[in-house]
Every structure is written in C-alpha cells, then in structure tokens.
Amino acid sequence: MTRKTFLTENRSVFWFLLSLGVFALIITVLADGSGNGMISTSFVKTLGRTLCLMLVAIAMDVVWGYTGILSLGHMAFFGLGGYMIGMWLMYARTEIVLTASLNAAPIPPTPEEIHDAIGSQIFGLVGSSEFPAIWYFAPSLPAQLALVVLVPGVLALVFGWLAFRSRVTGVYLSILTQAMTLALSLYLFQNDSGLRGNNGLSGLQNIPGLGDVPQSHLSIAFFWASAVALGAGYVLFAWVVSGKMGSVIRGVRDNESRVRFLGYHVESYKLFIFTLTGIVSGIAGALYYPQAGIINPNEIAPIASIYLAVWVAIGGRGRLYGAAIGAAVVSLLSSWFTGGSAPDVNLGIYTIQWTDWWLVLLGLSFVAVTLLAPKGIGGLFDLIGNRHPVPATSSTAAGPDLGARRTVEGEEEK
Amino acid sequence: MTSPVPLQSITKPIECIAADTFAVPAASSPPQDFQTRLAMLRALFPALALTLCLCLPSGKAAAQDQRDLQSILQTEAEEVASPGRRSVGSVIDALVASELPQAPEFLQRWSEREVLQRTTDGLFFYGTREGDSYALTDLSTGEPAGSAPASEIEEIRPNGGVRRVIASALVQFQLSDPIEARRIEALDSIARNPSADQLEPLLASIEDEPSPRIRARKEELAGMLAATFGDTPEERIAAISALSDGVSVQIRAVLNQILSTRSEVGTEIPEGTNIARELTPGDDLTRDDAYARLVSEDLAPEIQSRDQLKAALTANIDGGTVGGVPIGALDTEEARARAYETLAAAGTIPRLVTEEDVDAALASHVFFEAYDEDDPAITDAARAALNEVETRVAVHQVADLALDAVSLASIYFLAAIGLAITFGVMGVINMAHGEFIMMGAYTGYVVQQIIPDYTVSLIVALPLAFAVTFAAGVAMERLVIRWLYHRPLETLLATFGISIALQQLAKNIFGTQARPLTSPSWLEGAWVVNDVIGIANIRIAIFVLALIFLALILFILKRTRVGLEVRAVTQNPGMAASMGINPERINMLTFGLGSGIAGIAGVAIGLYAQVTSEMGANYIVQSFMTVVVGGVGNVWGTLAGASLIGVLQKGIEWMNPSNTLAAQTYMILFIILFIQVRPKGIVALKGRAAGD
Amino acid sequence: MKTLLEMSGVSVSFDGFKAINNLSFQIGEPELRAIIGPNGAGKTTFMDIITGKTRPDSGTVIYGEKSISLLKMSESQIAMAGVGRKFQKPTVFEAQTVRENLAMALKNRRGPFDVLLYRKTSRGAKRIEELAETIGLTDALPRIAGELSHGQKQWLEIGMLLAQDPRLLLVDEPAAGMTPAEREHTTDLLKRAAKKHAVVVVEHDMEFIRRLDCRVTVLCEGSVLAEGSLDHVTSDPQVIEVYLGR
C-alpha cells in the first residue's frame, strides 16, 4: 500500500529511474570498453563523475530547496568521502607495488618493513615517513568504507549541531557553514594534517588488486556504480521529502517558528537532514574520486560548495530532478568550455576564447537565471505537464510581531 | 577560482613589512663605494681641517701642522715600505700623534695596497697602474703628481697581520670622524664583528662625541664589548649587569654569546666545567638522540637499522639459509633477529645492540651542556641579565603585537564596514564586495600607469576608486539586487555570480600576475621605537584612513538627513517608507556608499599587498566574520568585530608563528564557538526590532 | 476546576521599554478566558512568554499538575506539553495542502525518525476528515493552503490548533476577517473546547466577547488592570479611561 502510494505520488521517481537506466545502457553499449569505441574511456569517466555530482546536487537540493538551509559546506563532505576511500586506494596500491619490489630482494620483506616503506613512499613528499594516527584503518577496505559514511556523517552532525543550536538562520547560517568549510580546507592544506597537505592523494584511478583490468572496463564499472548510487539516492531522497517528513521540512523552510509552535523540534529535523545529506555527499565523493584520480584540499574549499549551490539553482531547486539536471548541464558545459573544445568567437576586434570567458558567462547567466527564471531548468517541466509548482518561499515569521520586523518592507498585507 | 589559502596570503605581506622593520637597525647608511667615500672626504676637506683646528689644543696643533704627511712617513720610510705586524705600530703612533687630517685616508689606502713608493727618491704616492706606467697622486693635496714608469715604482703590499693592525687603528679615526654617517658605520662594523682590541678606541672616543644619539650607542656598544672582552671578571660582570637595561637584538646576542653552550657526553663531568645543565635521557633528550650522541662520540656501538640488518643477512646467505634460518622464513622481524644472533654468535658479524645495551650505555654516561665561558660568576650574571632583558622584551613584544593587531583591525574594518552597512540596512550580503575591493586596487594601479608621481596618483586614486566602485555598486543594486529583496539567499548567490564574473573579467584584462601598487616614498619606511617595537608607516596611514572613515560614517549616520533616513530604514523599513522616506533611494545610496568604501579599502590594501584578481576573495571571508562577530547594522559592532578578529589573529599567530594555516583554522573555530555564545554578535540589536 | 497555568510577577522589557510589568495571571482547566486591552498592552508578549518565544526578565510560569516551569522549556517542548497557539495573522503553510497542514498538526510523536517512518493510518485520516468538517474545509482538503481566502486560513489555523489537541489554547484574534455567521461558529467552537480545556482568547470585538460569556481580564501597560465579568470590567472607571472611553 505504502509503496504504491509512494510511486503514484512521485511519478518523477519512475521517470528519473527509467531515463537513468536507459542512459546507462546506451553509454555501456557505445563505450570503448565494450568494443564499440564510440565513446572514449575518458568521456565515460567524465559521465560517471557527472552522475556523482548529480547525486551530491540532489542532496544539496534536499538541504537547500526543501529545508531552506543554504549550506556552503556539502562539497566538503563530498571531498571527505573521497579522502576516506583515497586513503585505502593509495595505501593498498603502494603496498602492492612496494611488496613486489621488496620481494625482488634476496630476503623476503617483513610486514613492518613494508608498512614503513609505504609510509616513506606516501609521506616522503611532505617530509615525513611516519603514518599519522588517522591512517590507522587505511590498510582495511571495510574500515575505510565505513569511514566514508562515518567521517562526513559525524562531521555533519557536529557542524550542524553547532550551527543550528545557536538558532542562526538564513544568510548568517550560510556564512557560518562557509567558515567551517574554510577552516576544514585550511587545515587540510597543512602538510602535517596527515593527508599530504596541498599535494592531496593521487593515483586513485588504479584500483588495487585490479591491475590487470583495463581502465576502459573499470570506467564502465564505476559508471554503473555511480548510476546505481544516484538511482538509490534519488529514491531515498524522494521518499524522505514525500510524506510527512517532507511536509515538516518544507514547513521548516517556509516558517520555522510556526513548525516549532506545532511542537516539532526544528533543530533535530535540520540536523537529521544535514547529516543524512552529508553522508550521501560523502558516498558520492567516494565514487567520484576514483574516477578523477586525484584529490586535494582545493576540492574542499568553500568555492566548490558555492558552485554546488549554483548548479542546484540553475537546475531548479525544490525538485530533485531539477538539481540533478542542473548539476549535469553546468558541469558538462563547464568542462566543454574550459577544456578548449568550444569554438572561439571572432568579433573582429576581439576573439572570445572560452577558456577565458566561460566563468564570465557562467556568472552572468547565473545572475540571469536567478532574476528571470527562479525555477531554473526544472521550470521547463512545468510547461509540459501541470506538475507541482515550486511555491515562492515566504519569509514571514509567525506571530503578530511582524509589524516590527524589518522583513516586511514592500510586502503586501495579506 | 579563488585561491584556496586566502587567509595566509593576507598575513604574508604584513609579516614581510614587519620583518623589514626589524632588519633595519637604527639608521644605518647604505654601503658606500670606497671611491665615493674618498670623493666625499676630499670635498669636505676644508671643513674638516677647520673642525680639527677648532677642536684640538691650538698650540700643539699648530706645531704639528708644520709637518706634512710625507715628511712623517719619510722618517719611518723603511717601515712604511715593508711593514711588519709587530713593528708597524711606530708608524701608526706617529700618524696618530700627528693628528693630520689626511692620516685616516692614508691608513685606509695603505691597507688597501694603493700606496706606492718611487724608488728613485723614496717618496710615497697614491697611484694606479696605467699600462706600463703609474699615475701618481700627492698624499697631502690629493692632486695629480705626474706619472712614473713601472720600473721606478714599488707597490707596497702590507700583509694580513699588518692590515688588521691598521684597521684597528683606523677604527679610532673613524669613531671620531666628523661625519656622523661614518661614525655610525664604524659602530655598525664593530657590532657586526666585535673584537677585544676595539674596546679601547671605543671608550676613548666616547668623551668627545658630540651627538647624544651616537654617544648612547657608543656607550651601549662599549658595554657590550666590555661584557665580552673585559679584562677582569669583575669588570665583565659589571658590564653584563649594565646590559640588563636594554632590549636590543645586539644585547641579546652578546648575552647569548656569553651563555653559549656545547653539548658534551662522558662517563663523568670533568672538574672545573661550568655546567649549564645536565640532561636526562628520556626527559631532556630522547633516548634515541642520546644514544646517537654516544655513537657519534664513539662511546657506543651503532644500532643496526633494519636496512643494515637486512644487508648483513643478505651478505651472509649460505645456500638458501641465513644463520640456519631458511630464507623463505625470514619474513618476520623475529626470525630475522634470530638469524642475526646466530651469525653474531658465530662471530661473523658484530653483535646486535639490544635495548639492554642501550640502557646500560645510557646509564653509564652523563649528558650535559657546558658553558663555553668557564667562570660561573660571569654566566650567572649573564643569565640573570638575559632573563631581565627577555622579560622586558616580552612586554615590548606585547606592545608591538598590539600595534600589529590595531593595524590589522583597521584593514579589516575598512574591508568590512561597507559590507556591514549594506547588510545592516538592506539585509543583503554582497558576495561581490571583495571584487569591489579588487576593483579599487586596480583603479589605483591604472592611475599609477597614467600619473607617474606616486603622491599625486594616490591623491587621484582614492576618490577615483571611490567613484568607480560607487558607480559599480549603484549599477549592481539597480540591475540585480533590488529585484531580489526579501530573497536574501538568492541575493547571496546572485552576487556570487557577479563576483566570479568580475574576477574572471579582471583576469582577462590585467592578466594573472600580480600588479604592484607603489606607495609614495613618504609612506615607505617604518616608525621604529626600538628593536622590538616598530610599525611600517603605510600601516599607520591605513590606521589613520580607517579612523577617518569611522568618523565620516558616524558623521553621515548621526548628523545628516541621509543618515537619519538610513537608520530609519535599518530599524523598520515599512515604517520608514510610510514616513515618506524613499527606501529605494536609500538602498541605492547605501549600497553605493558601502561599495565605494570597499574601493578605498582596495587602494589601501593594494599599497602593501599585491594587486591580483583574487585579492578580494582573500578578504571576503574575514569581512563576513567581522560583520557576523560584530553584529549587524552597527558601526561600533563592526569596529568591535574587526578589533576582536585583528587581536585574535595576531594573538594566535604569536602563539603559533610557524603555521599560518593552523592559525587561521583556529581563528575560524574560535569565531564559530563565539557565535554559540553570542549569536547576534558583540553589539546586538535588542528587543522587537531585532526580530528572531 | 483546578489551576492549569499560573504566571506570577513576570516582567519583560525591550531596550528599557517594559512590555510586561509584574504581571500575574492564572487560568484553570476547564475555563474560558477573554483578554482585552489597548494596543501595546502586552497581549501578544504575554502569549509569547507562555509559548516560550520570549524569555521574561523575572517571574515564574508554572504549568500542569506537576507544576513544571515553562521558562526552562523550548518552544517545541511547551507545545508538546499541550500549549497550542493560534496567531493573530493566520500563519499556515501556504505551500502545502490543507490536508498536509492538518496532518502536520495532528497529535502524534514529533521526533524526526517517528515522522520519517510515519505511516498514514485510517484513524489519522478520519480525524482529519472530522476536523475539516468542523472548520468547514472538507472540500478544500486537497487544495494548496496559499489559495485559501483570509477567513479560510483563519479556520485552517483553528483546525490546526484543534488537531494538536492541546490542554491550553491561546487564540489571538480569531474573529478577524470573518462573517457574522462564521463568528458565531467560532464562538461555539471555543466554548465547546472550553468545556474540557483551558482557552485564552484575545479579541477586540466586544460583541464577540459578550457572546463568549466568560471571565475577562483587562491588560494595560503590561499588567492586569481589572478582572471579572464583562459587565464588571466595562463599568470599571479605570478601564473606561484607558480603553473603552476613548
């Protein structure tokens, strides 16, 4: 009964999963790895990465579009997920390489010898050879996989608790999350942070134990993994934002104090959503970075999270597929323009090279979308069918104190 | 894209300025070429002679004046021509006694091997070789004295020992040189390279020193020399105690020099050693370090590292086994140790150093630091003096830090006040605020390209930067922000879009490399109180600028009609509108004003930091923090926020100077915790007007 | 009738302005109470204090049989303890349907996981139907609340208040924007609720209050000026002076 209700009430889930499946099949058939070679391995990787970005965009949409928290920190959780899986990838791969070379010596290596050799191999770059304590679990894949969930989850919990309990809202809250993200990225930039400072972790595209599998096949495997994760994430979030939970969090977005007076502990809801989306972001990152090959603290800097918000806004917030489309369109366009594939525009006196002008275009078109099409790309779907419109968020708070509030200016009395 | 390490790059240039400040010890003159110095000397010759005549006891001087340099030299001609280290003193004494003004120059050039002797008549000249002949210059007049073929000339080449004697004699002349700069130079050279024989001439020169400033320096320097080179311990201790009044780097260096120690190890502490402290392995130095020291002193055998152990085993592979252990089984540490022991027992390789061996070796030796100075009374006095000096230095450092913090706070205030005004009045966070700062800085840069005079260009640039960013702010308000009122989050993002567009635009126009914005010469240099306290003039100027703007903004807000309207809109826009205030106009003006101040801040920041397209992004987070910490809608709040963040940042950097990144992280964490305590900032609006 | 809520010696000031000045007030269960007073008398602040929105500078607010202090509780805890509030300006979730609005207010467990795993039950659905019937919005259940008229929003908010099933109902100007017939209906509703619970009504409309036929408390400058039946207070010269006379 519930299941039927869920699907009938959320048609978009069905259509999204269907298009995702069809898309994944088409890519698989055309990919280099299946012998057709119509799509290069690197493009399959780009598409796989895009799917991960779509997943984190959906998470962002739940936080921002549905709950009204403009978090400028979700890419930090994304990056942390990547770091967690990257630690295992780097450790295990270095272990394989070093064991092979040490085995070439007349005397077989001892476990301690290998461990120390890995340490000096990985941390030689930052002038150390000791394993920091945070690498304790690095040799174990299951442990690091657990950390992919735990580290972003716990961090989101702590971040969120600090931010929400002080009842900071709106722009203030955004700035606060941005500051926290900045603190994290600055910390990681240090060489003694234990994660190789600004060098970050590299060589993540080589999966330990799968050295014989060509990248063309690996890329398809990761593409599918990303697609499955995206599909599962979509269903999860569609379920969360439907039903009573969706009702409450949209209530929080539109009128936080009214929800509070109904007896809901608003902070817990915010914290729940913030942590859940943080975890999903971490998982998305753990799938993204093996396809990207390298991760460094730049990826965690606040700017990345701001771009994430831009994707969601352009795609149309308040609807999950909008966020997904926005992330896909903007990130693919961005790599097309900055990759130098876009043709230059010759204006006679000046030639526009898109590598230089793409950001200007993005910035201005973003302003244009905010001003002229606040529903974003997703708004186009409203033209096709009469789907649920995105309601204008009302900034009014509960109670008759309104007369004294500064937000009232220019607003017509209801 | 913004730089990922914005905070660090903010502080860097500031640090550089501070470092420069310290690098300049009290008014030293730039190194001068010797020839220029000579020219100067010659030019000043008449005045110099006059001064000497006035200063010296006239009768004696008159008598001495009868003799010229050449005749004095001729009396000791042999010694002048081939001076010996021991015997050259007689010549120098004669020259000193003559008190001839040309004497120092002669000594200098003599030591520089520029003095020649004409073999035909034995007369001395200055000269330089020109092909096969020498161009001669008269010693007394400095006029050309013809030339002589190389065969008639003997070059005089004093050896190193002689030159040292001459140099020390020269010090005496230089210390009494009538030109201040040269006296200072002599003092600097003594301070750089002190030696025992400088003490006497230095003390001798103090009495006649006319300049009180130099006299003080001479006394200080004499004290330092006495502390190190005094004849008796009592003399030295007295000198050392006298040093405890100062703070200068040199005093600390002298005291540290006296307190220099050497690390030693032995079975026992030798008699008569002046021990600084004994070191206990495990507490004062790590066990490994202690043992390594024993090894380096050949007091203990080396510990075999894992690689050495492995190499030893590899070298002793014997038909598939090592020391009886099959090779395949050597993949644990324990098996390797067993194989090694077997080999060692057979005497093939040296025995493995065990933990017990290490303990025993450490137990049978003492580790200690001994003073290079043997007299404990002197080192005690120096230690006491150093402690006193360092306490005083710490106090001065706090004062210096406070100065630094104030200047940093002024920068943050300038950068943030525009943001605070727009946020307070309109509830709008302008993410492009940083780009307005950048725009102001680039305006300054462009003006400097057109107007070469730095002072004039600065006078032009400040109002122009204000005008440019004011216009940009108004344009942005009209085109974008006013359509987004009551959607603060969307405003945030839209202004962010503008920010990335502006940043990239600046990159396209001005390129990625940093552009300099040169400050006029009167802003260069620093205000130096002593070796510890000092601040660059430019930062004083920024402080003054911040004060001016604080006053200006307070004046506008509290004393003008526009200010009244702005405050009305801040507190209750709806009511303000119904009172006939046009909020649109106020918003536009406010936004323009906020942006304009950002432009001014840009010029100010550009003067000490590099102008890049990303400079604005480096300041934006700090500015936000300043506004958030200070509290919205209040000038004093912004001031308080800027001060808190400035003090905090300097304080954290002081505690952890090696790591700016960590300092930034801690600061942000502190701010986040601060917001837990005071969510509305330091100066919060209270009651109904504050809303929720 | 036992005392449900007791406020004593409560004062609160905003930037030196005393909005509530040594106010003492108590209400029993069941009881219906009307509060009147000129603008700025502190009526809304009074409600803000009870619901936890505003923390008083001094005084105590004791609630329920266990005499718990409301001052230490958060807004949501106070609401869960059985204090429901209807705002002066109707505040409903305009982006959601009438059904969703009512469902959110229904008395249920309020934890995030309870809500996430909440399944629609027939009992809940029936209760929503009942409430919709009571407030006359049965046909409007699937409609977006933002589309409702002002009066309908008032009704919806009253419905949400009833859905919470509170013990203490704080109702701020319920009759504003209603037709005479609707007012009568509202009066009936409030009177019915007051049979079991404590109901506090803030209203300016004297006719409305007369129909409520209950004890009246007159607030002025943050403290109680008079208390008693409507006739009693309207004949009080002080009350006439500050409120009715002008």
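Here, residue 1 is simply the first one shown, and the rest follow in order.
Quick reminder: no glycine exception, Cβ is built from N, Cα and C everywhere.
Residues or ranges marked as compositional bias 'Basic and acidic residues' by TrEMBL: A:403-414.
If you look up TrEMBL, you'll see A:392-414 marked as region 'Disordered'.
The list of residues near the transmembrane segment (A:12-31) in space but at least 6 beyond its ends in sequence, with Cβ under 8 angstroms from a Cβ of it, reads 6, 38-39, 41, 44, 47, 216, 219-220, 223-224, 227, 230-231, 234-235, 238, 319-321, 324, 387. Taken from TrEMBL, the feature transmembrane segment covers A:12-31 (among others).
The transmembrane segment annotation in TrEMBL covers A:43-64 (among others).
The feature transmembrane segment is assigned by TrEMBL to A:71-91 (among others). Counting only same-chain residues 6+ beyond the ends of the transmembrane segment (A:71-91), those with a CB under 8 A from a CB of the stretch are 56, 59-60, 63-64, 118, 122, 135, 137-141, 144-145, 147-148, 151-152, 155-156, 159, 174-175, 177-178, 180-181, 184-185, 195, 201-204, 206-208, 274, 277-279, 281-286, 288-290, 292, 295, 297, 299-300, 302, 304-309.
Among residues of the same chain six or more beyond the transmembrane segment (A:145-164), those with a C-beta under 8 A of the stretch's C-beta atoms are 73, 76-78, 80-81, 83-85, 88, 137, 173, 176-177, 180, 184, 267, 270-271, 274-275, 277-279, 281-283, 285-286. If you look up TrEMBL, you'll see A:145-164 (among others) marked as transmembrane segment.
When Cβ-Cβ distances below 8 Å are used as the criterion, the transmembrane segment (A:171-189) is approached by residues 69-73, 75-76, 155, 159, 162-163, 195, 197-198, 297-298, 300-302, 305-306 of the same chain, each at least six residues removed from its ends. Taken from TrEMBL, the feature transmembrane segment applies to A:171-189 (among others).
Tertiary proximity for the transmembrane segment (A:220-241) is limited to same-chain residues at least six positions away from its ends with a CB under 8 Å from its CB atoms, namely 6, 10, 12-13, 16-17, 20-21, 23-24, 27-28, 31, 33-34, 44-45, 47-49, 51-52, 54-55, 58-59, 61-62, 66, 249-250, 273, 276, 280, 283-284, 287-288, 290-291, 320, 324. TrEMBL lists A:220-241 (among others) with the feature transmembrane segment.
What TrEMBL lists as transmembrane segment is A:268-289 (among others). Sequence-distant contacts of the transmembrane segment (A:268-289) (same chain, six or more residues past either end, CB-CB distance under 8 Å): 48-49, 52-53, 55-56, 58-60, 62-63, 66-67, 69, 71, 74-75, 77-86, 145, 148-149, 151-153, 155-157, 159-161, 164, 201, 204, 222, 225-226, 229, 233, 236-237, 240, 248-249, 252, 259, 295.
Distant neighbours of the transmembrane segment (A:295-313): 53, 56-57, 60-61, 64-65, 70-76, 78-80, 82-83, 86, 177-178, 181-182, 184-186, 188-189, 195, 197-202, 204, 289, 322-323, 326-327, 330-331, 362, 366, 369-370, 376; these residues of the same chain sit at least 6 beyond its ends, with a Cβ under 8 Å from one of its Cβ atoms. Taken from TrEMBL, the feature transmembrane segment applies to A:295-313 (among others).
Positions annotated as transmembrane segment by TrEMBL: A:320-337 (among others).
Beyond the transmembrane segment (A:357-377), the same-chain residues lying 6 or more positions past its ends with a Cβ under 8 Å from any Cβ of the stretch are 310, 313-317, 322, 325-326, 329-330, 334, 337-338, 342, 390. For A:357-377 (among others), the entry in TrEMBL reads transmembrane segment.
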Note to self: What residues elsewhere in the chain lie close to the transmembrane segment (A:43-64), defined as a C-beta under 8 angstroms and at least 6 residues from its ends?
What the structure shows: 27, 31-33, 70-71, 74-75, 78, 216, 219-220, 222-223, 225-227, 229-230, 233-234, 237, 240-241, 249, 273-274, 276-278, 280-281, 283-285, 287-288, 291-292, 308-309, 311-312, 315, 317-320, 322-324, 326-328, 331-332, 335
